[in-house]
Structure formats: structure tokens, C-alpha cells
Amino acid sequence: MDLEKGKKPSEQAAACRIMQVKDKLITLQPVVRACVFLATAVAAVIMGLNKQSYTTVVAIVGTRPVTQTFTAKFKDTPAFVFFVIANAIASGYNLMVLVTRRILQRRAQSLSVHLLDMVILTLLATGSATAASMAQLGKNGNLHARWNPICDKFGSFCNHGGIALMSSFIGVALMLALNLLSAAANSPRSNVTGQ
């Protein structure tokens, strides 16, 4: 019967295996997307709540010390603000796609989601990279510009920022994996098996 229609049995078996692989890739996507949502939401919340105060004696007048309180907040650095916004957008987007994934099953919407995933990956990667750059500056300073490191005085602020950065970079890696899964699931049949 298959030979009458012009298909060989091995081609049918290969097509069946390809569909099984695509089905597995499609069922894996919501799990990875949920992990991306959690990682980016944790990063946004931790950095958004990151604040520490440090009080030091700046002078002694007579016998009374004069103290000054310094506060480190994420809002003081535009890179950290961008980091929080990028992670919040990424977590909101992934939550929206998780909620509406039944509607987005058709191929046209699936390709739109794939393109938006690439945009979100780019936004998330740039937000994480800019925040990592500022975190490195806060930790090590810049001796040429005479910017002293601040992590020796604001240890908790720097530790929370580091946790947020790690969570965000995990989100970037998972978002990249999600893009690869989506590309493989949306690819033509010949590209999935490497034929």
C-alpha cells in the first residue's frame, strides 16, 4: 500500500520518529518556560528589594561623634534599574505565554512566540550584562578613575546583588535553551533529524 503511494516504509518510520521528537520538544517547552519565569522573577524581586544602610563616624566634635549614614539602593544605579525592568518584563512575558499557551498552539502564533522569545532573550542578556558590569565595578572599583570599591562597606547589598545576577544568568541560559527548543520544534522536518 505504501509503495503504491510512492512512500517507502523507512520514510514513514522516519516521519513518525520526527513527530515524536517534535512532540517531546513541545511538551518540554512549558517546563523550561516555567523555570525561566521563576529565575527572572526571583532576580527582579531580589534586586528590587536590595537596600543597605551603613553608618560611620565622620568627625568628632568635642567628645561627641558626628555620624553619617550612607545608603546603597538599586535605584541609585541605572544599570540595576534596567536589570530589574528587564527581568520583570521577561518574567511577565513568560507567565503570559504559560497562561495563554493553549491559544498559541497554531504554527503562526508559535512562530510569533519564537520571535518574541528572541527579543526577550536579548533584553534579558543585556540587562544581566550591564548589571554584572556595575557589580564588578562595585566589588573591585576602578583605581584609574579613583572609584573605590563599596562591597567592603555594603556586603549584604553586594551579596544580594550577586544572587540576583546568578538567578538572572540562569534565566538567560534557560531562555536560550527555550529558543533552541522552539526553533527545533518549528523547524521543517528535514532539519530536526539532521538529514
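Each residue's number is its place along the chain shown, starting with 1.
Note: Cβ is positioned from N, Cα and C throughout, glycine not excepted.
Taken from Swiss-Prot, the feature topological domain 'Cytoplasmic' applies to 1-25 (among others), supported by sequence analysis.
Here Swiss-Prot flags 47-78 (among others) as topological domain 'Extracellular'. Residue counts of the topological domain 'Extracellular' (47-78) by helix, strand and coil are 6 helix, 21 strand, 5 coil (DSSP-based).
Taking the topological domain 'Cytoplasmic' (100-114) as a whole, pLDDT averages 75 in the prediction. The feature topological domain 'Cytoplasmic' is assigned by Swiss-Prot to 100-114 (among others), with sequence analysis given as support.
The topological domain 'Extracellular' annotation in Swiss-Prot covers 136-160 (among others). Using a Cβ-Cβ cut-off under 8 Å and counting only residues 6 or more beyond its ends in the same chain, the topological domain 'Extracellular' (136-160) has close neighbours at 46-47, 49-52, 54, 56, 70, 72.
Sequence annotations record features per position, and here Swiss-Prot assigns topological domain 'Cytoplasmic' to 182-195 (among others) based on sequence analysis.
The annotation transmembrane segment is assigned in Swiss-Prot to 26-46 (among others).
Annotated transmembrane segment per Swiss-Prot: 79-99 (among others), in sequence order. Counting residues 6+ beyond its ends, the transmembrane segment (79-99) has Cβ neighbours under 8 Å at 30, 33-34, 36-37, 40-41, 43-44, 47-48, 50, 113, 116, 120, 123-124, 126-128, 130-131, 133-134, 161, 164, 168, 171, 175 in the same chain.
Among the features that Swiss-Prot reports, transmembrane segment is placed at 115-135 (among others).
Taking Cβ pairs closer than 8 Å, the transmembrane segment (161-181) reaches residues 25, 28-29, 32-33, 35-36, 39-40, 42-44, 46-47, 50, 74, 80, 83, 87, 90, 114, 117-118, 120-121, 124-125, 127-128, 131-132, 135, 138 in its own chain, all 6 or more past its ends. Among the features that Swiss-Prot reports, transmembrane segment is placed at 161-181 (among others), with the record citing sequence analysis.
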Intrachain residues whose Cβ lies under 8 Å of the topological domain 'Extracellular' (47-78), provided they are six or more past its termini: 84, 87-88, 131, 134, 150, 153-154, 156-157, 160-161, 164
Helix, strand and coil counts within the topological domain 'Extracellular' (136-160) (DSSP): 11 helix, 2 strand, 12 coil
